[in-house]
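Before any comments, here is the structure.
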């Protein structure tokens, strides 16, 4: 290499005494220690791969023969505590023979039948012409419930419910009267309610008449918008008319 070219080396472009730039220190959170302590507190011993320390079984505790067989309770002497049956008669013992009764069973049976009360037949009903018979008592056709003591008496739970409804209505009426005294609500009179109802019905008839006068073919966007608007107005008017007809008493707020 030519010594004259050594001054043209690329390393000569680096200024003498230049130092490498220092990197900023790595960021470390101030909560690192706190987070690590919290993790150590909540970490359990068997969270990943089982218990940390497992007791190794002893070589002397191996499985032995007949070790899992059930052991029988200790043997006890059998004792019979119940009374025994009478013994079998011997061959030499004979039953008493020749005993006769003087009772006339024919007359006794006839007297029992004559003096006895006739048995009433079981009530049945037939629901087909083929003669199918069914029990009348369990059919529900016998009016036996009208003979009960509490027949026709209002049950207790209904009386209690009626009292609760009455009490709630009284509380509501008191609340309404209190608001009326404060002039926060106004009750519509029958004449005003009827006038509002007739006005709504008249408006519905006008909108319905205008809806009936629409063209049969809705082939443009303005016609579609007009039809939808009339349908919404009719639906709202029908809802308002139903509300006023359903509720006889109406309160409105004073502005």
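Quick reminder: no glycine exception, Cβ is built from N, Cα and C everywhere.
What TrEMBL says about this one:
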type	residues	note
REGION	1-25	region 'Disordered'
COMPBIAS	1-10	compositional bias 'Polar residues'
REGION	45-95	region 'Disordered'
COMPBIAS	61-85	compositional bias 'Basic and acidic residues'
DOMAIN	160-252	domain 'Enkurin'
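Sorting the region 'Disordered' (45-95) by DSSP state (H, G, I as helix; E, B as strand; all else coil) yields 0 helix, 0 strand, 51 coil. On the 0 to 100 pLDDT scale, the domain 'Enkurin' (160-252) averages 87 in this prediction. Per DSSP, the domain 'Enkurin' (160-252) is made up of 71 helix, 5 strand, 17 coil.
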